Amino acid sequence: MGHIALLDKLKSSGMIMPLDYHLALFFIRQSKLTDSLALSRFAFLIVWLNIEVRAGHVCINITQITKHNLEYRFGREYVTRIFSDLDEPTWHDWIKLCERVGQNIISDGSCLSPLIRNDNRIYFQRMWLYEKHVAAYFNSALTCQVVERQANQLLNDLFPSTSASHDIDWQKVAAALAVIHPVAIISGGPGTGKTTTISKILAVLVSMHQHDSLSPLRIVAAAPTGKAAARLTESLSKAISTLPVPKSIKQRIPIEALTLHRLLGASSNNRQYRYHQGNPLSIDILLIDEASMIDLPMMSSVIAALPNNARLILLGDKEQLSSVEAGAVFGDLCAQLQRGYSEQQVQMISQLTGYVLEAKSAQVSIADHVCLLQKSYRFSSESGIGLLANAIKAGRYPHVMTLLQSKNYSDLTFHEISCRDQYQQAVEQCANNYLNYLQIIISKSNDIKTILDSFAQFRLLCALREGPFGVLGLNEMIERLLAQKKVINLIKRDGWYIGRPIMILKNSFSLGLFNGDIGITLPSLDDANKLKVYFLLPNGEIKGVAPFRLPEHETAYAMTIHKSQGSEFGSVSIILPNEYSPLLTRSLLYTAVTRAKNHITLYSPYTIIEKTINTQIERQSGLANLLI
């Protein structure tokens with residue numbers, strides 16, 4: 001089969017998009033290949049690379065282009081036919097093909113080419129450059145600051161020993177690590193005290209700087225999304241207010257967090273950020289929360305905008321979903337911890353904290369910059385949510401089901417969905433959870449913050465966008481159920497109605513609204529005959545926007561688990577589909593469960609839970625190999 005026929009076949013089947021089709025044709029025209037089989041294989045290589053980058057991978061590993069690895073996405077029968085058309089290529093065949101294409105198309109990176117081959121990995125050039133840039137930054141950060149005597153006393157004051165226990169306080173270790181190194185990477189699950197830890201770290205750094213300099217430290221806090229920035233603002237404010245430090249120290253720690261786009265000076269009419277390597281940010285410390293959400297291009301942009309002597313502190317949960325776009329930078333960095341701390345690191349941590357840790361290496365490495373917070377302060381040993389999150393993280397399906405079916409945990413509820421009636425009941429129960437905020441609206445309350453806070457107490461999360469188990473189908477059904485209860489009116493105003501919750505899907509820099517922001521439609525405070533959508537901004541202010549001015553948006557009773565990252569709700573319901581999808585992974589379910597503070601209700605067939613927990617997706621990249 002010729003390459004045109006192969007591409008037509010892939011396109012007509014829906015396996016590839018028009019962009020994949022035309023990209024393959026472009027590369028084929030530039031290549032030195034002439035025989036039909038090689039052209040067909042090269043066409044498939046290009047479309048597969050583009051598909052995988054679109055799915056979040058930085059590159060593809062040509063040793064893994066096998067029937068088995070492709071079947072999970074496209075089905076056994078279809079992949080078998082495709083590989084038959086390609087004459088059953090082995091990974092040796094793919095390597096030989098890359099060597100034949102020509103250095104004008106595929107090179108090792110030493111010359112200009114649109115594709116890069118590094119060992120067995122194939123990249124688009126831009127992804128290769130991003131990865132090299134990020135690796136070079138973290139490798140250059142393998143230095144230690146001079147540890148002042150004052151740091152030891154500050155750490156002891158902020159992390160006092162509370163018992164005779166000899167357990168290691170990993171929050172204190174993380175703080176010591178951030179004092180020692182210009183780059184600190186801190187991971188922790190829900191309730192491990194990440195914000196408390198970071199507020200104390202900033203207090204230590206501010207105190208040390210104030211002792212030596214009259215000029216204040218320029219500290220900026222940021223997060224990938226507006227919602228995550230709002231949460232960071234709220235949690236930082238609370239944590240800083242309780243710090244046992246002088247008021248002068250508290251006043252020098254920032255409370256308001258920015259989105260990364262706002263930090264970098266993104267503009268709707270300019271594809272370039274305002275701040276970059278040629279025009280760096282004027283800051284001394286950059287703290288980024290929810291760092292697992294940062295994709296490779298964004299991480300490259302952030303570090304390019306940092307001045308040479310700035311500190312970077314990354315905070316997140318390595319078990320959560322990776323970024324929507326390409327890369328899993330935070331996960332790749334945290335994975336280095338398995339190499340263990342160096343002798344130098346152990347000695348310096350002991351000097352600052354008194355803890356004696358095990359040294360596993362004589363060489364310093366990026367592992368010295370990573371700390372895992374291991375104790376949950378939110379969930380007790382009797383908390384179902386905490387136990388469930390740990391069981392999912394460990395991939396223990398039998399234990400997960402034991403927890404869900406147990407009557408011993410008041411914060412866990414499970415309902416099997418095996419028929420249409422059970423599905424209907426699940427959606428009705430979810431709809432009922434939205435009655436509280438709607439009743440506040442019906443009471444003619446003008447307290448917009450109370451309405452927004454009430455809506456944030458519950459959220460329905462799902463894995464898909466399409467179909468009855470997806471965002472679109474669930475939102476439509478919940479609207480219909482709420483209309484039947486006469487708490488919303490769907491008849492008026494072209495789909496807009498009082499009480500309609502919406503989520504922003506596209507950044508609007510002019511409005512100060514960003515992807516993931518949630519607003520509620522209410523009568524305008526200026527004119528009750530008109531509607532406005534009101535948002536709670538990261539600084540605590542309320543912003544009202546007329547519906548016609550909003551960027552792309554959608555109804556938000558239900559939201560995807562991906563979109564829920566960076567958010568936290570009092571109670572969460574999770575509806576999983578009745579058929580398996582490759583989107584259903586262990587990290588997806590873990591992320592959904594850890595959005596809840598007080599209660600989780602899971603609706604799902606048993607088989608779907610099992611497959612989801614047993615499915616782990618490792619993002620393809622070469623970053624780990626480039627890190628020292």
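In case you wondered, yes, glycine gets a Cβ from its N, Cα and C as well.
For 13-123, the entry in TrEMBL reads domain 'RecBCD enzyme subunit RecD N-terminal'.
Annotation comment: TrEMBL describes G188, G189, P190, G191, T192, G193, K194, T195 as ATP binding site. When other Cβ atoms within 10 Å of the Cβ of G193 (ATP binding site) are tallied across all protein chains shown, the result is 20.
Summarising the annotation, TrEMBL assigns domain 'UvrD-like helicase C-terminal' to 556-602.
Non-local neighbourhood of G189 (ATP binding site): D317, E319, L373, S376, A389, N390, K393, T594, each in the same chain, at least six residues away, with C-beta under 8 Å from its C-beta. For T192 (ATP binding site), applying a Cβ distance below 8 Å and a minimum sequence separation of six or more within one chain yields L373, Q374, K375, S376, Y377, R378.
Taking Cβ-Cβ distances under 8 Å and a sequence separation of 6 or more, the neighbours of G191 (ATP binding site) in its chain are S376, Y377, R378, F379, G386. Cβ-based neighbour count (10 Å, all protein chains) for T195 (ATP binding site) stands at 20. Taking the Cβ of P190 (ATP binding site) as centre and 10 Å as the limit, one finds 22 other Cβ atoms among all the protein chains shown. In the structure as shown, the Cβ atom of K194 (ATP binding site) sits within 10 Å of 24 other Cβ atoms.
Apart from G188, G189, P190, G191, T192, G193, K194, T195, the ATP site neighbourhood in this chain, defined by C-beta within 8 angstroms of the site C-beta centre, holds D317, L373, S376, Y377, R378.
For G188 (ATP binding site), applying a Cβ distance below 8 Å and a minimum sequence separation of six or more within one chain yields K194, T197, D317, L372, L373, Q374.
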